[in-house]
Each structure stands twice: as C-alpha cells, then as structure tokens.
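Working notes, structure below.
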Amino acid sequence: MAALTRDPQFQKLQQWYREHGSELNLRRLFDANKDRFNHFSLTLNTNHGHILVDYSKNLVTEDVMRMLVDLAKSRGVEAARERMFNGEKINYTEGRAVLHVALRNRSNTPILVDGKDVMPEVNKVLDKMKSFCQRVRSGDWKGYTGKTITDIINIGIGGSDLGPLMVTEALKPYSSGGPRVWYVSNIDGTHIAKTLAQLNPESSVSIIASKTFTTQETITNAETAKEWFLQTAKDPSAVAKHFVALSTNTTKVKEFGIDPQNMFEFWDWVGGRYSLWSAIGLSIALHVGFDNFEQLLSGAHWMDQHFRTTPLEKNAPVLLALLGIWYINCFGCETHAMLPYDQYLHRFAAYFQQGDMESNGKYITKSGTRVDHQTGPIVWGEPGTNGQHAFYQLIHQGTKMIPCDFLIPVQTQHPIRKGLHHKVLLANFLAQTEALMRGKSTEEARKELQAAGKSPEDLERLLPHKVFEGNRPTNSIVFTKLTPFMLGALVAMYEHKIFVQGIIWDINSFDQWGVELGKQLAKKIEPELDGSAQVTSHDASTNGLINFIKQQREARIQ
C-alpha cells in the first residue's frame, strides 16, 4: 500500500484543509443548516436499547465527510475488514489471525483459521466457563474446609486485568448473587499485600491469567498468593480447589500446582487487549453471572455485524475513526479525551488508553518503513462531572484542540431523589458539548458583565478572561441504559474504530513490540540490584539511579 501522504484521496483532503480548514466555524455551520443534527448523526437500533452517535458538533461539512469516506475506501478498509472476519493472518509481524470477533460470534457461523473452524473450541471453553460459574455462584464449588467461595482474586496484567476490571466495575448493578472480585496487577508488593490482607484463604479462589504462564508480574503475584494460601492450608493438594488458570501452557500450569481440569484455554489469535471476551473474562462471568456475560458477548456481536455490513458513511466505528484521522492528520491534534458521564464507567478511558495506544502507538508501516505522519493519539479521560472540576478548563480555554467523546446513558441505575441526580448529570453533559461548540463571544461576555453590575474598569479588565472561543469538537454518544448488552456494543464500537485507523495508517494494530525492550533490560538490571557494589555497566544516568537506590535501601528514616 502506498504511504498515506502519497494517497491521492489524502492529498485531496489535506488540500481542502489548507484552503478551508481555518474557516470552519461550528456556530456558523449550525446557523447555516438547521437540519445539521439529522445530517450528522446516527441512531443504532438494537433489541436491547438504542445508541445515538451525534457527530454534528465536529469541524466537518458534507464535503469533508465524503472525502473521509473516500479515503477509507482508498486505504482498503472494507477489504481489510473482511480479511479480519475471515480469519486471515492480519497480525503480520507475529503471523497470527485476529479473531476477537469469533469469541462473541453468537450466530455460530464457521470462522476458519488455517482451514479449521474455531467455533467448536470457542463454544467448548464457554461451556466450561458456564459450568464453573454456576458451581461457584450456587455454592456447589467449596473450598478445602468446605466453605463456599465469597471472593475471586484475578491476578493478571495488561489485557488480563484492564478489560475484566473495567467490565466488572461497569456492570456492578448486575452482580447480585456473585462473589466479590479483586484485581491484582502491579508487581509493586503493595497491591497484592493490601488485597490479601482483606481476604480469607478458605473462601477465596485465585484466577491466574497469563497466556504463557511466564509473565513476570503475574507469576510473581501468583506465587505470593499461593504462599499466602498455603500458610493457612498447609496442604499443597488444597491448591486445586482455590486456584484456576487462564492460559495456553498446560505444562507450566501443572508445575504451579493447578489441576489442568481447572485451566481455561484461549488461543494465539486472541490479543491481550481484545481478550475480555475469552476465558480472560472468567472473573466477569463469576461476578455478574454467565447469562449477563453472554449478553455482553451479544452486544459486541451486534456491533460486529453493524461494522461488517453497514455502508461506510453510516458505519459508527468507521465514522469515529475517520473523524479521528481528520483531527490527527490535518489539524495536528495529539490527544483524544473519553468522558463517560456514568460513574460505573470510571475505568472506561483507562481501558481504551491501552486499547488505542498499545494498538496504534506505532511508527513502522506494513512495508517496514517509517511513517511520515502522525499515528495513534494519547487517550485519556475521567468520568463526568469530576473532570469538569479538574481538566475541562484546558479543553475550553487552553491552547490545544482536544477532540472529546462524551458518553451517557439516558436511564440511570440509581434514580435516587426522583431522578434528580441523573437530571443534573444529563444537564451537565448537554451543557458541556454546547459550551465547547458555541463558546461565548466578546459581546455576550460584555452583556453578562454589565448585567452583573461591573464597573467599566472591572468590565474591561475581566472581559478577555470571560470570552470562550468555542469551536471545540465533540462527539455525543447517548445510549438507553448501561446494560451488559449495551456495554458490549460500546466496547466493540471502539475496538473497530481503532482497527480502521490502523488500516488507514498502514500499521499493525495487533502487536506490541514496544512493550518488550523495557522488560528485557529489567531482567538484566534485576540481579544488579543485589549487594552493595557500585554499578558502572550502564549510561551515567542509569548507573547513578541504581547506586542511589542501593545507598538508600539501608538508610534510617527519622
């Protein structure tokens, strides 16, 4: 594929931006077209609620959207989409298919990898997960002293942690009758020490989530959990009732002391950051029940079908991706804010921080050459309204343009005080995108200050500070209610957005070589931290840091 910057469709888009980009003004665009909302929004109608994607508050015209869709076609998005769904090895650096869509393929139509249908294996693992969940949640699965299981400790990192953690937090209202779930990821001993201090080994089950069963952070934490358990249990054979593995390495799982019957398999075509739909989601299923886990899969499958079959110009993941391309590659935006107005989604931005930045944080193309344009953005965000009192100042009046996605459910899980809290939340959600779009003109600010009775001197002094330029782009994503089905659909929508952008940039969204170098160097440094001898084998900075740490390890603190 030709470089993006040499693609005629991209050049056409850039030329339009150079000639007209500075003239784009959202107030004027809305004034000129009273039907703008209808022209630049989509409603996705499912049998489990509706999703409105309003992208009318973006710096686009119908001509721009046509050019963006033409760019997607020129970059081969449709063909690449089919290659993914057909099980081709689109993760070309690792020689792997990319089939998280198979994990939630509720239609059960065959999906082939190397000529073999993967669906029987997918369904076999789902059945095993269902059986295990039912046994634990019903109290049939007992600990070594006969106690029912009240707590699940999920030990993993990256995709084995962020996805399940985000989903169990998001679906807390659906957890009735399930065990509590705790997540341990950080190698920092504080994380596991604080967690285990609250738990009883007799009624806890640890899930060790590691594809290879060699991930240093996960296995170190798992061994610590086993030590903690055996301090009480004394008998290594009791491990079988309290530890399960999510892995592909049967040998290592057995060596750890886990019965292979308690090992839940997944496959090399499941990427870590796309794995919550697999056995990695066992903690989700235990917490909210397997029926709700299946609803999560069904919502994602619904979005998969929308993504695969809907024309590009009406395709939610594609449109979100193209708007991102517009801002990153024409306007030069470097960050993207995800702002869910739902406290249950408080880990949503963190989840897609990995999903997006580990996928598209690349500068080498499929042909092995360095890109000559920007790729993945910095993704960040916090739930509303907390963010309004933290960083929205910069979004409104800072010097950087930050495209934002605002998300909110129409119906709350907690309609307390006759829905007052949610009404205030909705009002703030709506006000923010309007404020970012409209801003406040000098004349409007002047009238406001005059009405407040300011003296002419104070008015002139305050006036420039009270002006909002506006013209800040946002997407509003409004959905009926945060249910398992709806969450699955939203997560899949963003997954496919990331995929589309990777295709347009001609990078591999499904490897993560950038994670490896630091891990390699850490293995070399770890033994150098032993003893008190000065270290001189690195650059001056790293040597200085190591030697300071050695010196301060034994320091007495007053």
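Note that Cβ sites are derived from N, Cα and C of the backbone, with glycine treated the same way.
Annotated features, as they stand in Swiss-Prot:
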type     : residues                                                                                       : note
MOD_RES  : Ala2                                                                                           : N-acetylalanine
MOD_RES  : Lys12                                                                                          : N6-acetyllysine
MOD_RES  : Lys34                                                                                          : N6-(2-hydroxyisobutyryl)lysine
MOD_RES  : Ser107                                                                                         : phosphoserine
MOD_RES  : Thr109                                                                                         : phosphothreonine
MOD_RES  : Lys142                                                                                         : N6-acetyllysine
BINDING  : Gly159, Ser160, Ser210, Lys211, Thr212, Phe213, Thr214, Thr215, Gln354, Glu358, His389, Lys519 : D-glucose 6-phosphate binding site
MOD_RES  : Ser185                                                                                         : phosphoserine
MOD_RES  : Thr250                                                                                         : phosphothreonine
ACT_SITE : Glu358                                                                                         : active site, proton donor
MOD_RES  : Lys454                                                                                         : N6-malonyllysine
MOD_RES  : Lys454                                                                                         : N6-acetyllysine
MOD_RES  : Lys454                                                                                         : N6-succinyllysine
MOD_RES  : Ser455                                                                                         : phosphoserine
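In this record, D-glucose 6-phosphate is bound by Gly159, Ser160, Ser210, Lys211, Thr212, Phe213, Thr214, Thr215, Gln354, Glu358, His389, Lys519; the longest C-alpha to C-alpha distance in that set is 43 Å. Under DSSP, Lys142 (N6-acetyllysine) is assigned to a strand (E or B) in the three-state scheme. In terms of local Cβ density within 10 Å, Gln354 ranks first among the recorded positions Thr109, Thr214, Gln354, Ser455. Counting every protein chain shown, the number of other Cβ atoms lying within 10 Å of the Cβ of Glu358 (active site, proton donor) is 23.
Ranked by Cβ neighbours within 10 A across all protein chains shown, the recorded positions Ser107, Ser185, Thr212 are led by Ser185. Distances between the Cα of Ser185 (phosphoserine) and those of the recorded positions Lys12, Lys34, Gly159 are shortest for Gly159.
Looking only at the recorded positions Thr212, Thr214, Gln354, Glu358, His389, the one with its C-alpha closest to the residue listed as 'N-acetylalanine' is Glu358. Nearest Cα neighbour of Lys34 (N6-(2-hydroxyisobutyryl)lysine) among the listed binding-site residues (Gly159, Ser210, Thr214, Gln354, His389): His389.
Sequence-distant neighbours of the residue listed as 'N6-malonyllysine' (same chain, six or more apart, CB under 8 Å from its CB) are Leu462, listed in sequence order.
For Glu358 (active site, proton donor), the nearest of the recorded positions Lys12, Thr109, Gly159, Thr250 in terms of C-alpha separation is Gly159. For His389 (D-glucose 6-phosphate binding site), the Cβ neighbour count at a 10 Å cut-off comes to 9, with all displayed protein chains included. Of Gly159, Thr212, Gln354, His389, all annotated as binding-site residues, the residue with the shortest Cα distance to Lys12 (N6-acetyllysine) is Gln354. Within 10 Å of the Cβ of Ala2 (N-acetylalanine) there are 12 other Cβ atoms, across all protein chains. Sorted by the number of other CB atoms within 10 A, the modified residues Lys12, Lys34, Lys142 start with Lys34, the lowest.
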